[in-house]
Amino acid sequence: MQTLSLLLSDDYTLHGPVFVQEPSHIMFPLDSEEKKVKLSCEVKGNPKPHIRWKLNGTDVDIGMDFRYSVVEGSLLINNPNKTQDAGTYQCIATNSFGTIVSREAKLQFAYLENFKTRTRSTVSVRRGQGMVLLCGPPPHSGELSYAWIFNEYPSYQDNRRFVSQETGNLYIAKVEKSDVGNYTCVVTNTVTNHKVLGPPTPLILRNDGVMGEYEPKIEVQFPETVPAEKGTTVKLECFALGNPVPTILWRRADGKPIARKARRHKSDGILEIPNFQQEDAGSYECVAENSRGKNIAKGQLIFYAQPNWVQKINDIHVAMEESVFWECKANGRPKPTYRWLKNGDPLLTRDRIQIEQGTLNITIVNLSDAGMYQCVAENKHGVIFSSAELSVIAESPDFSRTLLKRVTLVKVGGEVIIECKPKASPRPVYTWRKGREILRENERITISEDGNLRIINVTKSDAGSYTCIATNHFGTASSTGNVIVKDPTKVMVPPSSMDVTVGESIVLPCQVTHDHSLDIVFTWSFNGHLIDFDKDGDHFERVGGDSAGDLMIRNIQLKHAGKYVCMVQTSVDKLTAAADLIVRGPPGPPEAVTIDEITDTTAQLSWRPGPDNHSPITMYVIQARTPFSVGWQAVSTVPELVDGKTFTATVVGLNPWVEYEFRTVAANVIGIGEPSRPSEKRRTEEALPEVTPANVSGGGGSKSELVITWETVPEELQNGRGFGYVVAFRPHGKMIWMLTVLASADASRYVFRNESVRPFSPFEVKVGVFNNKGEGPFSPTTLVYSAEEEPTKPPASIFARSLSATDIEVFWASPIGKNRGRIQGYEVKYWRHDDKEENARKIRTVGNQTSTKITNLKGSALYHLAVKAYNSAGTGPSSATVNVTTRKPPPSQPPGNIIWNSSDSKIILNWDQVKALDNESEVKGYKVLYRWNRQSSTSVIETNKTSVELSLPFDEDYIIEIKPFSDGGDGSSSEQIRIPKISNSYARGSGASTSNACTLSAISTIMISLTARSSL
């Protein structure tokens, strides 16, 4: 079947008319300047359809009225006339395939005439009375809107005044003195925008009194039934006269709330419901109320919807003598009725044609049934059309596109079906031949109604050529194919079920015999899923030859347990062989580990066994974890060994008041399994503390203080809440202990202050523990000294001297006179003259040492120094400040032009004299540093000359450096010089030598650039 979209997209395909655009309703302004109406109609079809039009069921004769013309299917009306041209139009399209009619389109003319009367009578009313001024619009067509002018100004609407858009009348609920004047009704045609004014109506007040109060009288109310179309905006009007001025209230009679989308206008005189839906339908009430009473107007909103297609009909191409069934469905309110058209004319039930609402059934189709069909769904609010083409095919059998399969392969004992599907209409009669003989049906050979040949229990004798012959009213055709019979495939060595252990490797065999003229394919599935040998190549591999599809499984894991199926396939058969693989491995994780009971040091656990993975569980191990442990730790249990049939155990040796969680690990002869999920977290009960603080010591502090320190007890060993420390101390040799309680688990220091505490006096000290359960033990007693007094006297006889450009030495004497604080050492403070004293550097000595060396100073710089004695209490008073100036820096130029000569058993080194710069110390001599190549220790020779003699290196190379020295220290060193071991009596060299030994003649010279790096 070809779809409508395919027909539309292919202009070269022959097909019936199809509407692209159908005419729509038109409201034409009678005073339009265009003076032309266009009713659109666009149709596709091949051959190109002919278009004609109907007005009110009668053909429009284009030739008889020059005002009418059809342009590309659309109807153009020049100088339209409301008397002649108003009505209902339809577009009819026809080609050789049939006729279709469009939906109906109404052409109406919008106009608004002038008011006929020029004056209106004066209206006289009492003050406080309600009043209605009638508009009485002139003849018109099209929707109108109304407004009123009061004394030449637009009359505004409020809770006293209301203009009905249904009647145009002006309502004043209670007339006031300010209402006296002339009133004019303004009518506007919303289509043409033409506006006309009615004659003015004068309003005056009567002099015979004022109208008293009275209950509301509803003058504007909506009808008892209001039809409302789906999706439209519904407006209900309600206004009442009364004194006092009534208020307007809207509500639903069924008690349901009015939809939130609803809006109220004109002081509640209009209820507007946009996008009207089924749930908005129902009974509505307008309540007008004042102090004198109330009145109610009621009306029913009735939901209606034009028909809307749910299921359309589609084109059908059918062979002769077959049946056609169409069904169309539409929604609408009221429920739509259906009728059918063929080529634009009504179609009724008769003979082979059965119509029932939206269904059409045609049996034993013939050529006369071809044409264009339309399903029409309609209710009183609208009509819709759905069109489709019925093509009846009549042709002789044709195999050109559906030849029999040239070769069909089948195995001995198998079944073969040879399809015979010629194109033919009506359906042909089928006969079959094998070779030249007509094929007769029997218990093995059958021919189906649609022509297919079926042979079961195939034998070798069934091989040969087969011809299908198809015949109908219009002719006969045939097609031939061959059947080749092959030997069946058989599994000779199938896979067998096995028990294996995790980590092993096995081969599942799958070996067959088959017809070698056929290709064979082996595939394996595991638990119903094909094995991907590329993706799972780490474990699975196909092995074997042409007739074997063995499966090797390496390093078997628990996940590999299950059903394995070998599938063998050729072009004629397919067979399978299956085996189950049981994998034995370490147990799975136990389940539901529960803490049944917990004390301060024990926990009663229970659990359920997990899978044993085909090997009995031999034992369980319990592990615990706390916030203080590093991961999971094995714990002691009762019984000590938990066998595989025991599912409870008591954990012992726990710390009190610690949050624990537990897990269980199962084991069997194969190995240890995965641990269970952790149990819930539970805290052990509280108990007296047992662990005392470690490293109780102290000392130091300020005058009259005893400082006691200790290491805090870890939280996991505090055994309960409210943990703290009891500090006990007494002077050495005394009997009575002084106690202090520190109610903090984090306390690690206590300072006792009392003027009676003598400096550096010994105290016996111990620290105990307690918690909410009571007191625990004390630590062992230790001896701690009270704070000592800082030294009270300064060092004497301060003296400093410069050693070099970077070093000075300081000397002092112990304090003179009685010093109350013991001296542990001395602190030397020094700073450069250009720096501030508060940035001074400090070094300390220990014990009785009364001198020290200060290094890493700047040359030629003035330094200030002072010395203090110190002990654990602090530093004493400072000595007097002394000054010292460092010496000039040593020479920065290294020795140059170094030459060495060998003679007899000596090496003679010579170099140029180094001259110091003006800001450098004078050269006092030179240091020659030398060592054997393989030794790390260096020897030094000092000389005030520019030469030196060394013994000849017979066994190893020399490594030599030379640098000047002065009062400012050692100067810059030369580059390292390598002198090779020499077997000759004479040799000479200069600068840095290579490491390669040289064979020299009796007197030879080695010249090497001073800039070369030595290869040390």
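Note that Cβ sites are derived from N, Cα and C of the backbone, with glycine treated the same way.
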Open item on the list: Need the matching range: TrEMBL marks region 'Disordered' on one of 876-897, 964-985, and I'd like to know which.
Closed with: 876-897
TODO: With TrEMBL as the source, identify the stretch among 675-700, 831-856 annotated region 'Disordered'.
DONE: 675-700
Open item on the list: Pairs 6 or more apart in sequence, C-beta under 8 angstroms, 3 or more of them: is that satisfied by the domain 'Ig-like' (23-108) and the domain 'Ig-like' (307-391)?
Closed with: yes
TODO: Counting only CB pairs under 8 A, let me know which of 216-297, 307-391, 589-687, 794-889, 890-985 has the most with the domain 'Ig-like' (488-576).
DONE: 589-687
Task: Proximity of the domain 'Ig-like' (397-484) to the domain 'Fibronectin type-III' (589-687), 3+ C-beta pairs under 8 angstroms - done: no
